[in-house]
Amino acid sequence: MSLSKLLSARRLVPALFPLAHADAASAAAARRERRQDTFVATPPVPAPSPKAVRLAEPLPTLAPSRLALHNRILALLSGPQADLPEAALLTRHALHSNCRPSSFTCAAVLAALLRARRLDDFFALHRFALQAAVPPTAATHVLYLSALAARRLPDDALHHLRLLARPGSPVPPSPTAYRVVVECLVADHGRLADAVLLKDEMLDSGVVGPDPKVYSLLMAGFVGAGDGAKAVELYQELTDKVGGKPVLDGIVYGSLMKAYFLMGMEEKAMECYKEVLGLESEVRFGAESYNEVVDALGQHGMLEDALNLFDRMLGEHDPPLRIAVDLRSFRVMVDAYCAAGRFEDAIAVFRRMGEWKLEPDVASYNNLIRHLGLNQLISEAEMLYNEMCECGVGMNEETHVLLMESCFSVDRIDDGISYFDKMDGLELKPDAIAYHRLVGDLVGFRMLDKAQEYFDQMKGKGVSPSISSYETLLKAYVAAGQLDAAAKVAKAILLDEKVVFSDEMRELLEGALRGDGREDDITKLYDDVEREKAEAEARAAEEKARAEALAKEERERRRAEAAAKDEAAAKASAAAIEAILAHKRKMENGVSPAPDANTLDGGFLNLGVVSRSIEQCRVQLLIAEEGAGGRERGADVPPAPGTGRQACGPEEFVRPGSISPAPPRWLAAASIPPGHPTRLIMQ
């Protein structure tokens, strides 16, 4: 190696030049030092705790196979190959395979099931994914809360949300979660006090700030309850929460305008409208915010202003950059036209959805059918129903109930009942509210027998009747003088643990029975109820005891089977050990076994076990005893005369495939004393 003058003039430093060492030993020492510095022993990574929180894996970190599964399931959820049942089944099967779906894959399938209103399949898949240890995400929790709201379980949704809001929760609640639960409490159940309390909990948690959407839902609830002042108060509270400045999210201004209209302050409402929608306004409006303002204008006689704003929305609509119009925009315009009595214009604006590449969904059809039915335009409503069948828009339970009530409004009772019966053929499941509407309408037509028939059908299908259905039938029977049937309904109420027999209904029934001179029937009714409740409790206790006895018997049977197996295994082991020890004692005492081919494995034969490996082990044990002597006498001893055996070397102790292996060459017949087991085997 030649160096330049510049380098040769310098002193070679070993740290800079690894080859500049005086001898090989110093070079090796330097290499060892460098190696020790390079390989640093790291402490072992501790095993994850079973109680550790598992978080969802981001999609970019998934293995190619799991990402391919994700894309395959997404293809089954949309597009020409859409098959929702197949996607749900594939996800369920993949949860216990080597290629597990991610949390986002499960969330996509759950969202599709929720959109299709397949709530039973939704809850089944959600429970299965949790049991398979798939970590839920914030979107999963929102979907679960939405499903609980759709199932009309507000208390369960509220409890689940409060569990998420606990300190230290791995997935804290998102603003959307609060919106879903508040909307469920306000719009579906009218529980404004609980919704306000939940809003305060949201602010106190510190996880979610003052959300304008939550305030908008609360304001809309108070407007619907006729309390416009409380809605304005909530708006002022939101303004204070954001620092005293105007709220820049336009979602609250529709409810605020409705509150002003409700309080008779039309000028204040229009002033607010012009201020927030002026050219210099900084308030942000989207499709949902616009819809609230259009609805406020249309429902309070400001149809021209609503039309102007709707045209402005259509002008701003530029998907995908700007979404200013959605399906609900056309629904609120239909509401505005119907409120003004312009039903032809409502149908015309409904037909314009296709111009903006929007396909009307079942909610849009139901909204227009409801308006037409309320105004007895049955032919137009049935035309829309037939159009839904032709276009493949899935009708739901609400569609048939609306058509049923529309037919009842024009005294077409049989047609209305036929629309309700069509749900069985379409595998739709009407809930207690749908049955209550039918029973109430039939009672109004004095068709008590038909109403009782559908009431019994509801109970037969596992739908729990509401207290309203019970009270409707009870009042109808009392009014018709059918006190026996009324007493039977009252008895069903008292036996149903899900409803409460109100004092009003109790006084109504008892007064009717006393007026008919049947005071004893009142006492008999309550006695029968107590007796049947006691009998039901006794039957439940008996069934519980029987189930426990069967379970105990099954446990004892399994224990007996396990004990029998253990005993048989112990006997087999003891017999084998005894056979081996007996043979060892005989060999130590020098006693020759009886001339029986089964002497050495008698214990095994007693157990019914005879195998080729036992025979081979027997020969190997005998050969091992004579091995040393045979090697001393020589390895080339000829075979015993008359045995017919071929000589073999020491490496062929056991010949594969032979039941009686040939003895080696060094084990000659001449060296084996008479009566020895080896000689017997060879013979």
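From the backbone N, Cα and C atoms, a Cβ is placed for every residue, glycine too.
TrEMBL: automatically predicted annotations, no manual curation.
Keep in mind the model is a prediction, meaning the values are calculated, not measured.
Quick look at what TrEMBL annotates:
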COILED    519-570  coiled coil
REPEAT    286-320  repeat 'PPR'
REPEAT    326-360  repeat 'PPR'
REPEAT    361-395  repeat 'PPR'
REPEAT    431-465  repeat 'PPR'
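Sequence-distant neighbours of the repeat 'PPR' (286-320) (same chain, 6+ residues past either end, Cβ-Cβ under 8 Å): 216, 249-251, 253-255, 257-258, 261, 266, 269-270, 273, 277, 326, 328-329, 332-333, 335-337, 339-340, 356-357. Secondary structure counts, DSSP: the repeat 'PPR' (361-395) has 27 helix, 0 strand, 8 coil. Secondary structure counts, DSSP: the repeat 'PPR' (431-465) has 26 helix, 0 strand, 9 coil. Break the repeat 'PPR' (326-360) down by DSSP state and the numbers are 27 helix, 0 strand, 8 coil. Counted with DSSP, the repeat 'PPR' (286-320) comes out as 26 helix, 1 strand, 8 coil.
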